[in-house]
Structures are given as structure tokens and as C-alpha cells.
């Protein structure tokens, strides 16, 4: 921080010297940054003195004995009302008047931004400059009426004999003169031009509340005088009236210095104070919550006066007080969501509830709240009913309970202080653990503090409310019953993130923050009660909390993803991962075996249609390979890895027909097929699990009919194979027979057998091991998996048997598949597409792990890798919505593949969930409020938005730079600001 940085730079100093006199006087702009005609200043002076002129006429008539004091007030107020309407109508006329706009050429390129051109004393541009029009017509009428009331009552308030009676002749004269100055300032800001106030609550005055600020304070002073006039002589009220008359002449300075808050801030503050101290509520996190809770609490208190029974009032106030102390909004939301989920029959997702509230309301919590409510009602009812029969007087009972409450509050305060590392912020707590370097050691040594915290929570949540009920139920002040169990079991907090880019100011204060926490938690203490070395700092360390966080590691994959050997192994590993993925999916896929219809002839096996792999081989023509390879990657190159390839479909369909003879086959899933001639044997029996399915193997035409094809019937060799059968739509035709025969050699049959035998549970089968062994021997089922796996393989790599490039890997990892004859087949099956993409991503992670940890020795180790990916990892893209869901679900590890365009390298990003000790401290509340108030004045009033302004210069003692940044936007600039977070305290 440079010590030579001024509070305001030269330009802003000139701006402030023009604005501040305007604020003091209530709006007249008597100092402009350019040469203006004299009538501009004369008009403003006349408008400023109009209330004094009309008030002076009424005062003169009163002093001459012509009018009574209240007639004087009425006359002055009427004249001011008429004047206010004239002023506002003139402003509206000037705003609506259409004048030709001429471009005024000027050679002064350094002219002030607010420079105006005036043509006449009463011209439209002059009126618009002097009297800006109101935004709303309602405000035009309301402000004019209010101006008349202020002038009339102000004249009555400042009558000379009244001033002399309160403060003597000399003092009365001074009060009369300067009092009218105050009154003129208030009137000018209301109906002529509103000054910019130093105390600003809202950045935009949408509803024109600022003009009401000064008249409302004038009304408050006048109301005290009226109360003194019309009430019996009360000495205290007379003294207050005298003091307020003296303060009345200092109101312009109080307004200019920002001592008095604006009306909107004052009303919200007063509402909160009444809610807390009058109605027994709690501070609310938002203005809307404050307004709703205030209305409900006030309505509850008013309703209690209309209940005839005393016991009814007690029970009513106790019950409503308890219910209003709960988090009703989140409870209602959770209940509504549970009802909706129950009706739709779906389970709620982790993101369906509010992400701010990590924990839903459970039935245990509801039971606890109901029990507390019943006990509270029972206690208040019994105490109120039997209080009159007690042998001990009411005052004695209440005094005893009062002392108990005092002792209880002291114990709660002590237990709260013991939880912090410093007592009173000065002395180190001897009960606090000294070694807080690791989570495990800290949790072991924190046992005593946890026990004390549990005792405090029990006393605060269970004992204190019932003790307060007992104290207030012998008492006639039923309002106090509403304060029972304020915000029981929950609180609200905000999360705010600061900038990550470390500037010089940020670094200086961040270093001091580190020093404060290191002195509290990492320094060795030999004395029992050591002193806080940073006691004067605005930051006071409190404790450390174990928090689950993600560490973010980014690695360069050069030498791994571009290795020829790794990419060659990648293709073989992908087939294995696809096999594992599909078997795992089918083994967990819900099936209703009891819904399978049983055949009438128990001796016959269920039949399905499946061409054998060795049926009538079809010769491979050169056109097969040429047509397929020429259409695959022509428009899908590796030149730019981020351009999604344009998929061009050629005339491959015509080439595919070369592999299939002319035939009319029954639709997959049809339940009967009629044969003619020698094969007319009747209807083929099928059930819902075994249907006519055409794979990639064409049937031979025996010459019986040109439009009919003979499809041999093939049956599962195992009656349990349907438990692992693939969905019917996944076995449709898309690949030529010749190409499929070539790809079948890549299918890892030994791996397929191993994965099947590793299944430990298949749908509720009792003898799972025996069942799996039988299924593993079923060749028909294996052919199903071979077809689906290799078709997915072609969809991910294309027809050509080439080593994939790193760009190809990244594109497919991102979900951009190359064009191939199997592309539409795969994309039309969203569930299979997601499984194939998931398998591809798992294979990439497997390739990286093999390069880092060494080769895989056997199938068992490969299975362990895949099971770990499935249970502990999310492998995908950072931009995916599931990435966010995985973080909220606290997945242990997350992986994403990326490309650094600046360095031209492929990168891997890994998030690892781990427990870390987070240091927690508290800032001095008054210091923060003071800095934020100064920030509001500097930005909204002085408009000093210089990036190197004084208020954001580093101050290690006040942490000014960090505190200013953490203010609510638009004053502060946090990079993240959360909604109110609901935090359970149980």
C-alpha cells in the first residue's frame, strides 16, 4: 500500500466540492463546473425561499393577532400546496414540450460532463434543469400534498412565541431563523430537486423514496411538539421537546454527514428490532423473510387479545411461538417434494431438493419437534392451571426460576467460549487441542470439547426453552411466550468466495491472515494461558473444522495419450471394457421372470431364431472394403480436434444390399411365422423373452420362394440365459455379414467367460454359481454379445482397422463419434450409446493408469480396476451436468480429459475428495460495518471507482482490501455469493 494514495483524487475532489454543498442545502446547485447565466442561481434561491415566504405571511398574521395559530398553519400549508402543484405542473409541461434539438459545436473537448446550454430564464431546458420531473404521477400528487403539510405544521412548530416559551428570547430567535432554513431544505428536496444523500441504502431509487427522507424526520420532530401541546403537562416530554427543537436546526448537518438513515433502511431496521425484542423473533436473512415474519408475528400477538380464555391465550402463544421458531419454509418444501415424489412413484434425486440444504427433514426430526411442542404445551397449561394453588407466592417462584435462568445463561456462555481457541479473544484456551496438524489427531484430542458442545446443545435446545416457559407462565406478560425456542435447531449463513488472483494488496493481507492463524493453531505454547499475539487485529481465530474438499490436480498426458503402443492396446482394452460393461448392465437390469409365459409342452425348450456363424459364407468382394473405407473418414480428420466432424452419409445402403439376398423376413418380436411347402409345420412357439431376431447373418435361400427366407431356429442351451440376455432392440441388423465375420475374431471369449463367472448375484437366483456356470457355456448368448459389442466397437472407431489418433480419442471422449455405417444404429439407442461412451472413457482412464502404475497382470486385476471406476470414480467432462451431480454426491474421484490450446498438449484433470482442517475465524462486526458504510459513501456518493483508490489499499490490521471485496454487489466484488444456507444444529 502506498502511503501517498489520497482519499479522493483531484478530479473527484472537485466533484465532491460541487456535490457536498448541494447535499447540505437539500438540492440547490449553486456551484457548477461551468459558467451559467445568473438567472439559474436566482431561480434556485427563489424556489428555496418559497416555504419561508408563505410561512412568513402566516406568522406575520399570527403575530398581528389576525389569525389563530392553527389558522396560520392552514393558510401557510394551503399556499405551499398550491405552489407545489404549480411547480410540478410546470416541470411536467417542460418535460412533455417538444423542442428542436440542435447540435452545439464546441471546441472545448475537456468540457464537464454535466454542462448544459440555457436559452432563456423560463425556457424548457431551464425548467428541466431546475425541477426534474417525477417518475410517477402518484408521487407528483403525494409529494405536493406532503409539502403542504410540512409547511403548515412547520409554521406552527416555529411560531416565535412558541420558540420564546421553550428557549427564551435569544434562543428562540436563533431557533426561528435556522429552523426555517431546515424547513426550506426539506421542502426543496421534496418538490424541486432532490439532493444526493450521503446515506444511501439502495443503489437505484426506483420508487422515489429519497425525497421523503428529510420531510419524514421533520414530521417526527413536529409530532413530539404536537404531543406536548395536546397532553397534560409532562416535564419529561417538555424536556424532550426542548432538546428536539435545538437539534432541529442541526438536521441539515446530520443529513449531510449520513448520520440519519434513509427511510427504507430505517423502516427495515425498526421492523427487525420490533421483531426481535418486542415479538421474540430472530434476525432474518432476507428482506422478504423479515417482512413475512414480522406480519405473522404481529398478527399472532394481536390475535391473542381476542381470545377470551387465559389458558387459551397461553397455549396459543406457546404453540405459535414454537412453530414460528422452526424453519417452516424448508420443512414445507421438503414435505411438498416428498408428497410429489410419492405420487409419481419416483425417487428424489440429490439435486431435486435445494442444493443449499444438504440435509432433508427426516421423520426423526419431525418426531422431535412434535414431542417438544407437546411438552411445551403441557408444561405451560399445567403451570398456569396449578399456579394459583401453590403454597409459594408467584413472585417467589418467578424469582427462583429467574436465578436459575441467569445461572443457565452463564453456563451456556462459558461452554461457548471454551469451544474457541481463545477465551475473550485474548487468552489461549487450555482445553483446546495443541496439535491440529492432521484430521485424525485433531479429532482424537477434540473429544472433551465435543462432549462440552453436546452438553451446551442440550441445555440450549431442551432445558432453556422449558425454563423460559416456566418463568413466563406465572407472569401476565404473554408477549414473552413468543420468544420461546427462537430459531430452534437451525441457523442461516452465506457463503462468499473472494478473488483467486493475488494482487499486492491481497497478498499483504492474506499473509497477515496466515500469520494470525499460524500463531493460533501451529505455534508451540509452553504456558497454560498464553496471550493472543494478534489481539488488536480485526480477525480473531475461533477453531478448525474438518471439511471434505476436492483437491484439483492437472497433469500433462504427453507420452501417454500419443504413445503408439498405448493406443494400440487401447483398441483391445475397449472390447474388454465393453464386454464387462454390457454384462454388468444386463445382470442388474430388472426382469420379471414370473411374467414369462410357460409353454404347454414342458418337454420342449423355448425356441429362438438365430443364424449360426458357419452358415453359407458370403464371399467378400473388393467393393465391400472399398465402399466402406472410402465413406468412413473422408470428412472426419484430425486436423482440428475441436471442430465437430461433419457427418456425410454416402450411398452405403446400396453397398449393404450386396451382402443380403432378396428376402421378406418376419419382424423381430413377431410371435408366429407360417412356413409353406416342405417347411409348413405350423406356428413357431415364442414367448416374450425369446422372439424372432435377425442378427447380421443372412439366411440362405433354398430356392423354394424368391421372397421368403429360411431362418433356422436356434435355441438357448441354458434355460437361465434370458437373465443375461440383451435388450431386443440392441440386436438389430446394421453390419454386413462379411465385416462382422472379420470382427468376431477380435472378441475376447476367455475374458467373456471370466466376467460371467465373476457374477455373484443374478436377480434373486438361489444357486447363482451354478446358474452362471451354465450360462457361460451358452454359445448362443455369446453370439448375442459378440454382435452388440463389435457393432459398438465399429461405432466408436469406424470400419478401418487403424490405430486411433489422440485427436480421435478426445473427440469420442467428448461424445463426437466418427461417421460409420453403425453410427445411426448406436445413436438411436440412447441407453446403449451412454454405455458405449462410458466404456470408452473407462478405457482411456485404464490406459493412463497402466502407463503410470504398470501393466495389468491378469483378468482379476483388470476387474478390480473397472469395479473401482464404477464405484469411486466419475469419468466424464467438466461441462457435463453429471459432473456437478458427482461433486454434490461426493464421489471420491473425478477425471476429465482436456486439451490446452496454448501449450498444445493433452491434459488430465483429477479431483480427489479428502478431509482437510479448515481454519475458522470471525471479524469484528463494527469494523466491517464501518468499512462497508465508508465503501457505500465512496462509491455511491463520491462516485470514486478508481482501481487504486484509498479504500481498497491493503491494511493488515483492518484487512481492508479483503473486507471491501466481500461486500454485497455492486459495492463488493466477490467471485461467488450463495443464497441463504440452512444449517442444522443437531
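Here the Cβ of each residue, glycine as well, is placed from N, Cα and C on the backbone.
On a predicted model such as this, the values are computed, not experimentally measured, just so you know.
Annotated domain 'Pecanex C-terminal' per TrEMBL: 824-978, in sequence order.
Summarising the annotation, TrEMBL assigns transmembrane segment to 39-62 (among others).
The transmembrane segment annotation in TrEMBL covers 74-94 (among others).
Within its own chain, the transmembrane segment (141-159) is flanked in space by residues 51, 54-55, 58-59, 62, 69-70, 72-81, 84-85, 88, 134, 175-176, 179-180, 183, 186-187, 190-191, 208, 211-212, 215, 218-219, 221-222, 225-226, which lie at least six positions past its ends and keep a Cβ under 8 Å from the stretch. The transmembrane segment feature in TrEMBL is assigned to 141-159 (among others).
Sequence-distant contacts of the transmembrane segment (171-192), counting only residues of its own chain at least 6 positions beyond either end whose CB sits under 8 Å from a CB of the stretch, comprise 24-28, 47-52, 55, 80, 84, 87-88, 130-131, 143-144, 146-147, 150-151, 154, 157-158, 160, 163-165, 211-215, 217-218, 245-246, 248-249, 251-252, 255. Look at TrEMBL and you will find 171-192 (among others) tagged as transmembrane segment.
Proximity of distant same-chain residues to the transmembrane segment (212-231), defined by a Cβ-Cβ separation under 8 Å and at least 6 residues beyond the stretch ends, is recorded for 26, 143, 146-147, 149-150, 153-154, 156-157, 162, 182-183, 185-187, 189-190, 197, 237-238, 240-241, 244-245, 247-248, 251, 255, 260, 262-263. What TrEMBL lists as transmembrane segment is 212-231 (among others).
Residues or ranges marked as transmembrane segment in TrEMBL: 243-260 (among others). Counting residues 6+ beyond its ends, the transmembrane segment (243-260) has Cβ neighbours under 8 Å at 20, 23-26, 163, 166-167, 174-175, 178-179, 181-182, 185, 197-199, 213-214, 217-218, 221, 224-225, 266, 933, 937 in the same chain.
Among the features that TrEMBL reports, transmembrane segment is placed at 313-335 (among others).
Residues or ranges marked as transmembrane segment in TrEMBL: 366-387 (among others).
Among the features that TrEMBL reports, transmembrane segment is placed at 399-415 (among others).
Among the features that TrEMBL reports, transmembrane segment is placed at 454-474 (among others).
If you take every residue in the domain 'Pecanex C-terminal' (824-978) and average the pLDDT, you get 90. At the 8 Å Cβ threshold, with sequence separation of at least 6, the transmembrane segment (366-387) lacks contact with the transmembrane segment (39-62), having fewer than 3 such pairs. By the Cβ criterion (distance under 8 Å, sequence gap of 6 or more), the transmembrane segment (74-94) is counted as touching the transmembrane segment (39-62), at least 3 such pairs being found.
Counting only same-chain residues 6+ beyond the ends of the transmembrane segment (39-62), those with a CB under 8 A from a CB of the stretch are 25-26, 28-30, 32, 68-69, 72-73, 75-76, 79-80, 83, 87, 118, 121, 126, 129-131, 147, 150-151, 154-155, 158-160, 180, 183-184, 187-188, 192.
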